[in-house]
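The transit peptide annotation in Swiss-Prot covers 1-60. Residues or ranges marked as topological domain 'Stromal' by Swiss-Prot on the basis of sequence analysis: 61-492, 540-553. Per Swiss-Prot, the feature domain 'Rieske' maps to 103-208; the stated evidence is sequence analysis. Residues or ranges marked as [2Fe-2S] cluster binding site by Swiss-Prot: Cys144, His146, Cys163, His166. According to Swiss-Prot, the feature Fe cation binding site maps to His257, His262. Annotated transmembrane segment per Swiss-Prot: 493-513, 519-539, in sequence order, evidence recorded as sequence analysis. The topological domain 'Chloroplast intermembrane' annotation in Swiss-Prot covers 514-518 and rests on sequence analysis.
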Amino acid sequence: MALALASANSFLLPTKTHFALHVSPPPSKKTLLCTNPSSNFSFNKALSSRRRKQAWCVAAAADVKDATLLDGEEDQKVLVGPSSEQERKGEREVADYDWTEEWYPLYLTKNVPHDAPLGLKVYDKNIVLFRDGNDQFQCYEDRCPHRLAKLSEGQLIDGRLECLYHGWQFEGEGKCVKIPQLPADAKIPKSACVKTYEVRDSQGVLWVWMSRKTPPNVSKIPWFENFARPGFQDISTTHELPYDHSILLENLMDPAHVPISHDRTDWSAKREDAQALGFEVTERTDRGFAGWWGREKDGSKPNFLRFEAPCVLQNNREIVDKNGEINHFSGLFLCRPTGQGKSMLIVRFGATKRSPLIKLFPEWYFHQNASKVFEQDMGFLSSQNEILLKEKVPTKELYLNLKSSDTWVAEYRKWMDKVGHGMPYHFGHSTISLPEEPAVVEHAPAGLVAGLSASSPAKGGIGTMHAPNLANRYFRHVIHCKGCSSAIKAFQIWKNVLSGVVVALAALAILVSGRQWKVLLLASASLCSVGVYACSTAIAMNTTNFIRVHRRL
């Protein structure tokens, strides 16, 4: 998501402390291979997959001008290496960490349905969120204690959550208050209750505490000072994505890809602007890292990035106008893990001053443009996710992280080395822990059949699309956004009305005898047809994926 739009938060700006980003020694020449790609050369099969990324290939000088094989000294100039003396010595720092003792971003508060439960996930934990009779948020484990049916497939009756399988009803702290099949004189078993999770509303986002052993630590709920500033306004969107949250975070903290992958998607992305970037790490802790970045040729680093455990990324900037007033810009990314190969993202772009031109566009227009941005990266990131699972090695064996583009990515994977032992699974820079259960069964991702079979009453469908499908824009975003859902319904109503008017006007034009009346009626029908087309286009913009059109440059 165009990090060029993000900005620096004065609350988060630490005193600049320089950390030297040391680099690892180059691979020995024995592991380096060079060949003309046009030849029939194949890698030595004895070369393990984890070392293949060290095989360097360059084309013959006759084929590619100025092609050179990087030697060890040149490697040290461009590749990210050890970031501490401890890492240089091969020693690994490990921090205490328990993934359940964290607050995870669940949903934008304004988008939680009032009339239906909402099924969500944190890693492999299924939870259900709903508003009770007092409009308070409740969060339960998403399975009925009776026969394990998903409570998110149920309905709300008088503020109670009813399982639609047998009608058991639950309220408050997960207590069962009704079992239709019990005899009149029988008491409801005490064990007929559901597990609950603590939820809190903070700055327009609902957060869930996943530990059921440790009391919620409210001080861990992230607070974003820019969003509390007077006059600060933001555009917020939610997206489900078909790749792991760690891949998502990598992508979001990678400003170098924006000019290429998102070329001309908005004014800030142009492929001719792709260039070396400068990074300065100012903070490394067990909770994350922070630092400055900017274009190397400018010699300045005006953007401040902070990653905070478990899945919060913000990119901030301050711009002083000609009157000396500071305008605060923020790009906030809340990335919730929703299982292997899946994630949910809340994006919030905001500023204390916004261009008046923004008011000329409806909010759904910015939302569909955000969907387009994610679709431009979706194929790359999904395949990257698959390769990580297949190779089963740390990222340092697979990635070639450049100092001038990938510093944040390397920092993130090194942070995972510290804390990954306390996660359900992780892929760190030097360490990995694989999931206990595979993410796929035969050709289908785990949970796919149940997902496609679900009626998902809280989410609904459109046209012939009724089953959740993360490859489709409608199910990745629209079902999670009241604004876009309402816009599509309105466009559909107007389309139907205008279509009926077109037919009626055309019929009248045939029946009337006066030439002037015929012209007037046909002209009106034509205008209504334009309206039908506009409505169809708006619906398509919210429900149809972006298709990249290649062009010769």
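All residue numbers here begin at 1 and follow the chain in the order shown.
Each residue, glycine too, has its Cβ placed from N, Cα and C.
Here the features listed in Swiss-Prot are painted onto the structure.
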residue: Cys144; record: [2Fe-2S] cluster binding site; Cβ contacts under 8 Å, 6 or more apart: Lys150, Leu151, Cys163, Tyr165, His166, Trp168, Val194
residue: His146; record: [2Fe-2S] cluster binding site; Cβ contacts under 8 Å, 6 or more apart: Cys163, Tyr165, His166, Trp168, Ala192
residue: His257; record: Fe cation binding site; Cβ contacts under 8 Å, 6 or more apart: Asn251, Asp377
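Within 10 Å of the Cβ of His166 ([2Fe-2S] cluster binding site) there are 13 other Cβ atoms, across all protein chains. One way to see the shell of the [2Fe-2S] cluster site is to take the Cβ centroid of Cys144, His146, Cys163, His166; the remaining same-chain residues with a Cβ within 8 Å of it are Pro145, Arg147, Ala149, Leu151, Tyr165, Gly167, Trp168. Nonlocal intrachain contacts for the transmembrane segment (493-513), taken as residues 6+ away from its ends with a CB within less than 8 angstroms of a stretch CB, comprise 521-522, 524-525, 528-529, 531-532, 535-536, 539. Under 8 Å from some Cβ of the topological domain 'Chloroplast intermembrane' (514-518) lies no Cβ of any residue in the same chain that is six or more residues away from its ends.
Taking the Cβ of Cys163 ([2Fe-2S] cluster binding site) as centre and 10 Å as the limit, one finds 25 other Cβ atoms among all the protein chains shown.
The Cβ neighbour count for His262 (Fe cation binding site), using a 10 Å radius over every protein chain in view, is 20. As a whole-number mean, the pLDDT of the domain 'Rieske' (103-208) in this prediction is 96. His257 (Fe cation binding site) carries a helical DSSP state (H, G or I).
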